[in-house]
Amino acid sequence: MADLAIPARRLVAIWLAQLLSLIGSSLTAFVLGVWVYQETGSVTQFAMIFLSATLPAVLVAPFAGVLADGRDRRKLMLASDTVAALGTAALALLVASDNLAVWHIYVAGAVTAAASTVQGVAYQSMTPSLVGKKHLGRFNGLMQVSRAVQIAAPLLAGVLVVTIGVAGVMAIDLVTFVIAATTLMLVRIPSSITRPPKSGDSAEPLLRRAAAGWRHLRDRPGLLQLMVVFAVYNFLFGIAGVLVQPLILSFADADTLGVLMFAGGAGLFAGSLVMGAWGGPKRRINAVCGGLAGGGVALVLHSLSPSAWLIGIVAPLFLFMLPIINSSTMTLIQTKTEPSVLGRVLATARVLGDASVPLAYIIAGPLVDSFFEPLMQPGGALADSVGSVIGTGPGRGIALLFVITGTVMVVLAAVAWARPGVRRVDDLPDALPDEPAPASAEPAEPAAEGVAGAAGPDAAKPATVAAGSVPATGPVPDTGPVPDTEPAPVPKPVGEPEPDTAPATR
């Protein structure tokens, strides 16, 4: 990998340091979610944590794109993560002084979500120039490893919170911030990479500049349709993510759920490693559509029988497809978008992805409770027909919804492939040169003095109180298409990372 813009060892150092920081944030997210649930006993208050982190991310994303296309991206990453670190530090002080209130977590969640969105868009925008077109698919695959690692956070956090308390866990998070920020500041990166190319619209009004990503996509229908496909996929993935836990608990205990979480995480980790080593096919849309179809089939298979053995086999297959879809989608967007508007295009994709997942969370529960579960109870309207195939009783309504969701996912893959604009998206002209600028081409851009923070290894470092605090299965989307993407106080769904609403990367 001698053709990288910086030596491979430096790139790996950045990636590992940011991975460590992501783990720290996931630990904090988990223990704060547990704290809220234990203190209030309210599912609504717990759900508000997710809303406080999701809504600001959606609102800030368009302006994050403007910043990423107009400012030095490394300095922007450091500055935004400094804000997130300060939010974590403030919460740690409140915990240590026994003054923490639920509303403090909501406010911190909103602030850190906004900061993490800026950081994630800046990082995703810089990645293509940093690694080059040749290695971009592999690097985006490695980014998905961070999502797999997040699955271990609840297990580790459960041990740590007993031994060192909530404040101790948050102190670990702050240490990981410092390590990640220091690594990012010390690595020499050519200024041609950290500084975005001039777009020529800097004199235009802010809102018009923010909408440039949408206008760019409107002129490239294939890319726009791909993002719509990804947003629908995020929605379907969100339904599966919020319901897979009650599906399993309808026939198994919490210990079995933990084992199945590990199995699902292993599938996600394996898929990430495969994409990191392979990088995906030459025509990446094949990986996207194939992954969608394969994931849909695996989701349908979840419902065939209330069996832990069955879920233990199909859940890893389902999650194996996630990094294939995420990294392939992200690579397509990064290679086909002009660098001068890449930040705003990624921000637009993030809005689409981030908005679709909470919608899935909102409708999934009531839909199951009021419609699907009654249909599948003994004596229900579908007990003698569909029930003869997938069974009746508790959890079988969720199983029916899984059949429908998985089938729609397969249909989505077929519809995407049938659209000429999507099928031929690989044929769009590449906006990236074949090779990145060598490290010696320009002097390195010094990091901002006095800035401490961390840059996430993925689309973004998760918002302190958002990551891991809500059951999720999907991207949401390296969370919009997740593009990126981008990673629970109650047990999370089988091996599911926080939604990557933007392919990632988040």
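Placement of Cβ uses the backbone N, Cα and C atoms for every residue, glycine included.
Curation does not apply to TrEMBL; its annotations are automatic.
Feature annotation (TrEMBL): of 145-164, 285-304, 445-464, the stretch labelled transmembrane segment is 285-304. The feature transmembrane segment, as given by TrEMBL for the ranges 103-123, 124-144, 376-396, sits at 103-123. Put simply, of 43-64, 223-244, 285-304, the stretch with the most CB pairs closer than 8 A to the transmembrane segment (310-333) is 285-304. The stretch with the most CB contacts under 8 Å to the transmembrane segment (223-244), chosen from 103-123, 256-278, 285-304, 345-368, 398-418, is 345-368.
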